[in-house]
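Participant: The structure follows.
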């Protein structure tokens, strides 16, 4: 196998965002240089707001809470306990296949949620994974995606809402979306689902896409 998975910390060990960002950048440089294999980092963050490159001033926390600016795509979001974070640092087999990469990330998360009876899906024009409007509420986001590809190697990744508190989203315009809500796997099922509960299934589903996504150590990027 050319893909590895590394756990940086799950509850009760929450990972500081800056530390995870430093690990990402160091690992990214090694993968670009061929000094480390493509690796997916799995973790839970300590609570933090992060702002992607498209974030506008009016979307920032209403109470003035500090925000970490990052170089991923997308807008403002929150990370914290109860969210499974996955940062794939992958040498892409097809450098032009960014849309395919995003769709595969979505497919992994949709498959994991299906195990719990959650009908998660894509919604045209909206990033991430969603539960469509029903008797329980409007369209609601259950997982976010924000990535960057530099020198053919991916950074940043996905956040799956498992059991996290939704109150922090009330202080921001999450991902720039004003006409939809946010939810968690626990809220949709009525069960307590933690990041540690789904991490192994996430790995299993991700491995199904390894051959299509990841360049072998000996292979040149297309």
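Any Cβ shown, glycine's included, is placed from N, Cα and C.
What you are looking at is a predicted structure, and each value in this text was computed from that prediction instead of being measured.
So Swiss-Prot has the following annotated:
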DOMAIN    34-214  domain 'BPL/LPL catalytic'
BINDING   72, 73, 74, 75, 76, 77, 78, 79, 144, 145, 146, 157, 158, 159  substrate binding site
SITE      141  site 'Lowers pKa of active site Cys'
ACT_SITE  175  active site, acyl-thioester intermediate
Participant: Average the per-residue pLDDT over the domain 'BPL/LPL catalytic' (34-214) and send me the rounded value.
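Facilitator: Reported value for the domain 'BPL/LPL catalytic' (34-214) is a mean pLDDT of 89.
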Participant: Out of 72, 141, which of the recorded positions has the smallest number of neighbouring Cβ atoms within 10 Å?
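Facilitator: Counting other Cβ atoms within 10 Å of each of the recorded positions 72, 141 gives the minimum at 72.
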Participant: Any idea what the Cα distance is from residue 72 (substrate binding site) over to residue 141 (site 'Lowers pKa of active site Cys'), rounded to a whole Å?
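Facilitator: Approximately 19 Å lies between the Cα of residue 72 (substrate binding site) and that of residue 141 (site 'Lowers pKa of active site Cys').
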Participant: Between 76, 144, which of the binding-site residues has its C-beta surrounded by the fewest other C-beta atoms within 10 Å?
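Facilitator: Selected from the binding-site residues 76, 144 on minimum Cβ neighbours within 10 Å: 76.
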Participant: Translate the DSSP assignment of residue 72 (substrate binding site) into the three-state scheme.
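Facilitator: The three-state answer is coil.
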Participant: Could you tell me the C-alpha distance between residue 141 (site 'Lowers pKa of active site Cys') and residue 74 (substrate binding site) in angstrom, no decimals?
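Facilitator: Cα-Cα distance, residue 141 (site 'Lowers pKa of active site Cys') to residue 74 (substrate binding site): 14 Å.
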Participant: Can you tell me how many other Cβ atoms are located within 10 Å of the Cβ belonging to residue 78 (substrate binding site)?
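Facilitator: If we count other Cβ atoms within 10 Å of residue 78 (substrate binding site), we arrive at 28.
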